[in-house]
Amino acid sequence: MHQLVLLRHGESVWNKENLFTGWTDVELSPSGEEESRKAGLLLKEHGFVFDMAFTSLLKRAIKTLWIVLEQMDLMWIPERKEWRLNERHYGALQGLNKAQTAEQYGDEQVKLWRRSYKVRPPALAEGDRRHPSFDPRYHSLQGELLPSTECLQDTVERVLPFWRQQAVPALRQGKRILIAAHGNSLRGLIKYLDQVSDEDIVGLEIPTGSPLVYELDSDLKPMRHYYLETGKTG
C-alpha cells in the first residue's frame with residue numbers, strides 16, 4: 001500500500017476577507033496558522049510519518065507545510081516547491097471582493113467564472129504588475145506556461161504533469177508523501193485519482209487545514225480515502 005496525504009493550506013487573510021486570491025501571495029490568517037498546527041498534531045497523533053513533501057510557490061501553502069512538519073518533528077525531510085501546485089489563477093478578478101464582484105457583474109456570471117469547469121475569468125493584461133511574468137519566482141519559466149487567467153480545466157491540466165513526473169516516481173519508490181497545496185490544484189489531483197466527472201469536480205469542497213488521506217494500491221489506484229479528523233470518506 002502507498003500512502004498519500006493531501007492538505008489544503010490553512011485559512012489565508014484573503015480567504016477571511018472574501019477576496020479572489022489565485023496566485024497573489026498572501027499570508028495565513030491567525031486562524032489558518034492554528035488550523036495548520038492542529039493538522040500537524042492530528043497527523044502525529046495518528047502515527048503518520050512522511051519521507052518527503054511537496055508544496056506550491058505561494059507562502060500560504062509553504063507556511064502550512066512548515067507548521068505541520070514542525071508539529072510532527074519532521075522539518076528535516078526533503079520538500080519540493082512546485083509552481084504547478086499553485087492555486088488556480090483568477091486573472092483580473094484577483095484582489096477583488098467576491099460579493100462586490102457579484103454585484104457588478106451579476107451572480108450568474110461570477111458563478112460561471114468560479115464554478116464552471118471551462119469558463120475563464122477576464123485575463124490580466126500582460127502589462128499588469130499582477131501578471132506572474134513580473135514575479136522573480138517565475139522567471140525561469142517560459143512565457144507560454146505563465147497564465148494570465150485559468151479555468152479549472154486549465155488548472156487540472158497544469159497539475160497532472162507534476163503528478164506524473166514528481167509524485168508518481170516518489171510513491172513507486174515507497175515514499176510516504178504529503179502535498180500541501182490549494183483548493184483547485186488539489187481538486188485537479190482528486191479528479192484524476194478518483195475519476196471525478198467535469199460536472200462533479202466543480203462542486204467538490206475541500207476544507208482548509210484538514211488532512212485528506214489516500215491509501216493507494218500497487219497501481220497507485222485509490223483503495224480508500226478519508227478526512228483524518230472524522231474518518232469521513234472524501
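Just so it is clear, glycine is given a Cβ too, placed from its N, Cα and C backbone atoms.
Bear in mind that the values here come from a model prediction, so they are computed numbers and not experimental data.
Straight from Swiss-Prot, the features:
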type: ACT_SITE; residues: HIS9; note: active site, tele-phosphohistidine intermediate
type: ACT_SITE; residues: GLU87; note: active site, proton donor/acceptor
type: BINDING; residues: 8-15, 21-22, ARG60, 87-90, LYS98, 114-115, 183-184; note: substrate binding site
type: SITE; residues: HIS182; note: site 'Transition state stabilizer'
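With a 10 A radius on its CB, GLU11 (substrate binding site) counts 22 other CB atoms from all the protein chains.
Taking Cβ-Cβ distances under 8 Å and a sequence separation of 6 or more, the neighbours of HIS182 (site 'Transition state stabilizer') in its chain are ARG8, HIS9, SER56, LEU58, ALA61, LEU85, ASN86, GLU87, ARG88.
Under the DSSP three-state reduction, ARG8 (substrate binding site) is assigned to strand. Look at the residue listed as 'active site, proton donor/acceptor': DSSP puts it in coil. Same-chain residues at least 6 positions away in sequence with a Cβ under 8 Å from that of GLY183 (substrate binding site) are, in sequence order, ARG8, GLU87, ARG88, ILE206. For TRP14 (substrate binding site), applying a Cβ distance below 8 Å and a minimum sequence separation of six or more within one chain yields PHE20, THR21, THR24, VAL26. Using a 10 Å radius centred on the Cβ of LYS98 (substrate binding site) and all shown protein chains, the other Cβ atoms total 14.
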